[in-house]
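As given in TrEMBL:
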SIGNAL    1-22  signal peptide
DISULFID  Cys104-Cys139  disulfide bond
COMPBIAS  220-245  compositional bias 'Basic and acidic residues'
COMPBIAS  246-258  compositional bias 'Acidic residues'
COMPBIAS  266-277  compositional bias 'Acidic residues'
COMPBIAS  284-293  compositional bias 'Acidic residues'
COMPBIAS  294-304  compositional bias 'Basic and acidic residues'
TRANSMEM  461-482  transmembrane segment
Amino acid sequence: MGGRALPLLLLVISALFAQIRASEPLFHETFDESFEGSWVVSGKEEYTGVWKHAKSDGHEDYGLLVSEPAKKYAIVKELDNPVTLKDGTVVLQFEVRLQNGLECGGAYLKYIRVQDTGLDTKEFDNGTPYTIMFGPDKCGSTNKVHFILKHKNPKTGEYVEHHLKSPPSVPYDKLSHVYTAILKPDNELRILIDGEEKSKANFLSSDDFEPALIPSKTIPDPDDKKPEDWDERAKIPDPDATKPDDWDEDAPMEIVDEEATKPEGWLDDEPDEIDDPEAAKPEDWDDEEDGEWEAPKIDNPKCEEAPGCGEWKKPMKQNPAYKGKWHAPMIDNPSYKGIWKPQEIPNPEYFELDKPDFDPIAAIGIEIWTMQDGILFDNILIADDEKVANSILEKTWKPKFDVEKEKQKAEQAAAGSSDGLSEFQKKVFDVLYKIADIPFLEPYKTKIIDVIEKGEKQPNITISIVASIVVVLVSILFRTLFGGKKAVAPVKPAAEVKKPSAPEADAAGSSGVTEEKEDEKDDTAAPRRRSRRET
């Protein structure tokens, strides 16, 4: 009996340890204790921002704080053991609170890949190779929760950045938020904010990542050249057409209306303007220094009731004989061959893949440039079980968020304000940000983003903002469809001719991921404004 009990006992103990192991994260940084000695601040001279171990505003909970505005920051933490991403589910999760908002800056993490020569933490910078970059980035027209995968092309050996095409936008408020990326073994990626799914993608889908993880099988032949006799003109001027004999290219667009007559009551001898009879020369006026004083002009009151004043001239009207410059009519081009394209050849960089070949994570780094301080990182987590990650979210983030939300509501109620965005308004603004990302609106994107951001700051004008953007869209569509030409105003009959207006008196004398680009910028200068969404 005892011989049978021992293996059974060992099996139970083994299962118990496996259950305990499954209930724990692979990595969890709570920042309950100081980060010094555990996290390493980059020694590179451009990273002048000071990290602090500080409490979240209104809580006893500590986090890693960005303490100064308009600075570059870099800090890294090596993991005890590299985390593999190839087998099973992996959850990347962290908490960020933008205590002073985020107008322009990043708040993302970089999951540093294993390096052959090892990681020199003091040399951590923008060029340190990573496997995944994940988290908020906002500046100007950019407003997204980045997810970028750096994947090695097995044919070339080069690492390529693959960006999630439809990332969610960054929450607009100053509350604590949790960002979660769930990598599934079936190539599925899910992005959650505060435990709610905001985006879903497949790593191998060309619709979800730019560029696609798997390159196209063929590419345009770079050595192929368009033949000299290739004609791409679908229409050509009719070579047999001739200008009609009665076509006068010199006829003016407008001519004097000889049938017009001067309106009855027109005051020929009255000027449009007269000296202001109530004006007086200032006492301190010096003719020698200031010149001869002249009374200011005012509209002639006699002209207000009359059809007009001054010399009357016959108005202009459209010339019925005007035809403009003659052009031969367009006809189908008999030599038309279509738009030339180079022939396709096999892509030397093409490869097939069943699942991404993720590099293991050796460290977690934060390398950002921000114009705002008060960014607080907390509860950085790597887990292989969604339930574990969600449990930690409920235990650490949810109580803080609930307190912050209630405090926000109380402050708004006390101020008698309706400045907070309702759930409906949030959805409206999310839709508007997606509209701003439509490719054909690219030339107008910055202006549209500006309008949306004003609406976020003044929720009571949401309807006006929507109306404004609708007007912009209609205007753009009208220009696209009709060429944006203004209609020629019809000439008014002589009786409606108004007196010319008086000339006006002269008046007395206004990050991202783009992290590769950050090194080109001055860390003390405000970055070029880019904002809320690039989702």
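Glycine is no exception: its Cβ is also placed from the backbone N, Cα and C atoms.
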Determine the Cβ neighbour count for Cys139 (disulfide bond): the number of other Cβ atoms within 10 Å of its Cβ. 25
Neighbour tally for Cys104 (disulfide bond), based on other Cβ positions within 10 Å of its Cβ: 23
Pull the DSSP breakdown for the compositional bias 'Basic and acidic residues' (220-245) and write it out as helix, strand, coil residue counts. 0 helix, 4 strand, 22 coil
